[in-house]
């Protein structure tokens, strides 16, 4: 035994524990047996005991139970048992063979060694049945334990084998030995059995256990493989391979995605968050009276408490979302933070190992070779460990981010269903949706970086500490440079920010203008105004380009600063270091360890400022969300449901407000069972408010509101969901065909549904965009009727429908014989017609009930009600027969002469006004053959109803002759042609210059680094300051070269990007305006607009930024390869396989990830659109009490978005792990070859390894950037595709110049066998029309809807080109001239007046060629002069988008003024249908008769009386002329078609 100086460990083993000469200072290293049996076994055991707590946590957190016994877990148990037996046997054998009488002493090791092992194996063994019971399929701690145990047992294998060989030698030698080797033999055998078993356990732990039998959530076919992936597969993301492969083979579809992990779904995340939120809310109350159990998850409903609380609970302040977030998701976050701490420490271990490698090379053969290999492998192991841990860290953080987003979106959604009206008034729907779209999203982006708050300062501190060790105080000089650069960058960034805000402003202006141009494109073409608007757009675009230019220069500046920062820092530091003190000499170790530390420093220093701005933004988001979640909610107790009251609905002494002044006072209303109560009153008297009061939507100041039974509500503005017609009516109830059909017939929806393309399964666009007002209203009513409630609140459901439809609905649904006859109903109405049939009437005036009673009682009273009727009749909206009915009703009740007089007048008015013909809709002309298909309408206000039915007819056509072409979603890669197009747009010279300059920059960089190695290796520098200064000077010069080339390349790229933006946009605009009209008809506006907004934006700002980064990373990787190959040429051999691996990872990733991103963004918008729909329809949802269903729908949409989001997060990790492993291989080979290749130059070795250490990051970025380029270059592709579409005929032709200035002089118009169709492949609309109009004749054109009237005018303007025959004006074929020549010489007053935003003057004379006097003259003639005079700005009066701030009549008059200004020989008057009141109509007719006396006027008439005095009438039917003669002639012939039309219109 050794003497007493031995360490306690030596005594414990009975042999030496550590012997440096044997282990380190030798060519054949080995550990001592004592070290192998203690340290190398106890390390894994200690690890397991330390981390076993995680295994317990996973048991607790598992959602599954009961894994069946299977081969895997049975073998685990058996092998583990074997290990227990072996260990027990070791202990017994030791006690038997040693100590006591035997000559072998018994050491502590022989007893404690087996005991420690036994205890650990027992613990592992206990977990086998536990994991089975709790459904845990794999555990990381056990895998790592077996892995460590196996790897650390390898040295002992070698020792045992050697000892055995020595024993055999002794035994085989001649002299018989006295020694008894039985104990050693036993140990030899026992150890190898133990080693085999641990290796088997390691292999078994590579696989995951079977599927659990009981799971909390149904596991579908499509479950995510991660749930049952083994630990090894989880850390390498090998389970994702299937998806990557599938995505590579063909583009992923939604059905290829996996289900969501249950623990990320709303149903798991919400209860936790709600529980902590409610706790937090309760803490904010002073009165602790309310103690509630934790958030119950009763049948899937999470209850959130209202932080606004009862009126009495005094509040301490806002409840914040932060504490609940910490409590709900903090655990995972902390675990992530722990991992981050690990990786940070590993990062700093790398430069230390690097310094060991350099000193190994410096020592040149003094050290044994195995040390070099050890260092190289160690570097690789560190890097690999860092890769795996970082992968898990980011994964965890993303999950936390996703969960926080889920929790916030749902909390906001649930709150939005309950906010009070005063809260709603404070913010628009858009702002509330932004809380969800922007603010909740921001959290998700922040979580990944949040740990940088402590990690960045830690990294900076550590780096400085190690740097100080290398270079002493001169580090501070370098640090100072870094710190100075931060504010400089900050200043530039804030400048960029201001420019960006400005650019956004211009962009919005430009997009808004483009939107108007595209919406009014038809008018622009008819007037030949495109050049003027093109110029306006280009003016805005020039301003935008100017800001872009400034931004681009600044961006070049920042990227230049950051690329040169590391160099500047090292230059300053090294210069300071060598100049401070003569004795300071740079050697390879100092130089390269410092360089790699500086590289580590760069990241936290760039991150901190970004992080801080991000934090500030998130803080703003937190405040906004807090404000919203703490806002006032509706009081659920404002409406009582007391069934003991006599009537089902009543308000007693009610006083209500909308949050500010009192709106309703002294309201007493009783609705008896099964009665119909009408609320009438003038506009704004508070009728709808009474309905809202019944619903509990208003703030109740006094009184009692009581409703008993199930409610149904029809709001004034119908609220339609983006779903099928049927779903809108069922509204969540089951489909009962009989009842459903009954409801549809009653609500007069049958005809509309027949017209729709897919019947009642037609999808309705957002906000019911493809339905008319009347259709929406009827669907809303059908929803109420179908819901079969007890109480009905109908808020003016008949306002938007035609009179006869209204009558039908009243009779079939609302009235005493309707479906709802047995229900209690409150009807708000404007129509006088139905009042005689209601049970009682409440007249509301100024927010009070002025009188109530039956119709007869009220008429007798001669009070407010009689006034109401008189006022109503004077507006003259009623039909003749209905008025007669009222007349009878009134005359039977009482003698009220003035009332009767009013009725008589109204009847007269109604007679004169019948219209001849239902409305024509230009586009419907071509689609609906005869006019018989539409019910004849006899009412002018409801034009929009039939417009819509025509539109819906058009829809039917769409399915057969698909109108809107579906957008091609780009899949797969992008052709090379697109890149070529992009490079051409940038400019060949600039593209080449950028590449060359980047190349020069890298050359300078490599040069300066090679110079450094030269300097570090030069032994003479120590004695010669002149030499030292020369080195320093040249180093500085290299630096200057870098700075210059970098700046120039940045500039070249910036200018190139601008060039490209200008070229691309100008071409897009120019070709876009020259599209023929049919393309605008078949392409939805939004799609064209997105080319002008999103795609142009991508080309403007996204692509240049990505290109810069792509070039940097690309050249960075090249530089690394060059440097490593310079120092160790053999490295080139490894490059090929590595490049192969890299290429494959990249291709797989790009294909899969691109498709996942697309799917994700497609699945994200429904969340927001569903939300904004909910916010708009909140009162309806509450009235029908279906909030829970909507919450479930929202949850499902969020989950669906997660389904797409999660794989794309994983795809990033999958790629990162694979790429970083490729990078780690580069590190391994670079360092291995440096050590083994007999490289004698320590500087070069340092250089190549420090380059290799950076390469992992660069590779990662390279793939990201190249995939970003592919995703974004698609914009260039789309723009290119739009620039290459078919164009209309040329605007200007050479021969136009010879035409006389005032052509056409006579205005003779001649059609010769003219044929036209709307688009290729459709039927002819005009089939051989021939007629001749003399100059100055006035001609009316009539015909049923769809007869081809509008097509005639469109053909005259060549909006649609002839399919046969010709049109000539003054004998000139119009097809032979430029479009602008033709269109600018004709005048049209279009049917729907289109105005553009801008001054009134621009709207009249966009080319600014007329004088003020001419304009005023035109305004006077069009009866607008006095109006314009009254405006403050006069002619410069700003007109809102679409002319919103003028009445429809005024807009029509502006169009008249345009025509007067232009005043050409041929005027086409496409008569305004319903837009104009009679007065305006008379004005227009009068002006036209006087001002256009000499001109040829073609009038497309909808009211026959306007054309009775024209010279000729053309009657069209089905695209052919059936009659062409003067009106008097035709009226004399009772057989003519014209006569029968006139008869229908009561004109004959």
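Placement of Cβ uses the backbone N, Cα and C atoms for every residue, glycine included.
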Would you mind telling me which of 135-154, 155-174 TrEMBL tags as transmembrane segment?
135-154
Per TrEMBL, the range holding transmembrane segment, considering 305-323, 324-342, 343-361:
324-342
Annotated transmembrane segment segment (source TrEMBL; candidates 449-468, 509-528, 529-548):
449-468
Contact set, same chain, for the transmembrane segment (135-154): CB under 8 Å, 6 or more residues outside the stretch:
40-41, 43-45, 47-48, 51-52, 54-55, 58-59, 62-67, 120, 124, 127, 194-195, 198-199, 201-202, 205-206, 208-212, 214-215, 227-232, 234-235
Considering only the recorded stretches 373-395, 559-580, 1032-1058, 1101-1124, state which has the highest number of Cβ pairs under 8 Å to the transmembrane segment (324-342).
373-395
State, in range form, which of 559-580, 1032-1058, 1101-1124, 1215-1237 has the highest count of Cβ pairs under 8 Å to the transmembrane segment (373-395).
1215-1237
Can you say which of 111-128, 1032-1058, 1101-1124, 1130-1150 has the most Cβ pairs under 8 Å with the transmembrane segment (559-580)?
1032-1058
Long-range environment of the transmembrane segment (1215-1237) - Cβ separation under 8 angstroms, sequence gap at least 6:
235-237, 357, 360-361, 369, 372-373, 375-377, 379-380, 383-384, 387-388, 390-391, 394, 1120, 1124, 1127-1128, 1130-1131, 1134, 1138, 1141-1142, 1145-1146, 1149, 1153, 1244-1245, 1248-1249, 1251-1253, 1255-1257, 1259-1260, 1263
Compute the average pLDDT of the predicted model within the domain 'ABC transporter' (1309-1543).
86
List, by number or range, the same-chain residues at least 6 past the transmembrane segment (1101-1124) whose CB is under 8 A from its CB atoms?
503, 548, 551-552, 555, 559, 563, 982, 994-995, 998-999, 1001-1002, 1005-1006, 1009, 1049-1050, 1053-1054, 1056-1057, 1060, 1131, 1135, 1226, 1230, 1247-1248, 1251-1252, 1254-1255, 1258-1259, 1261-1262, 1265-1266, 1268-1269, 1272-1273, 1275-1276
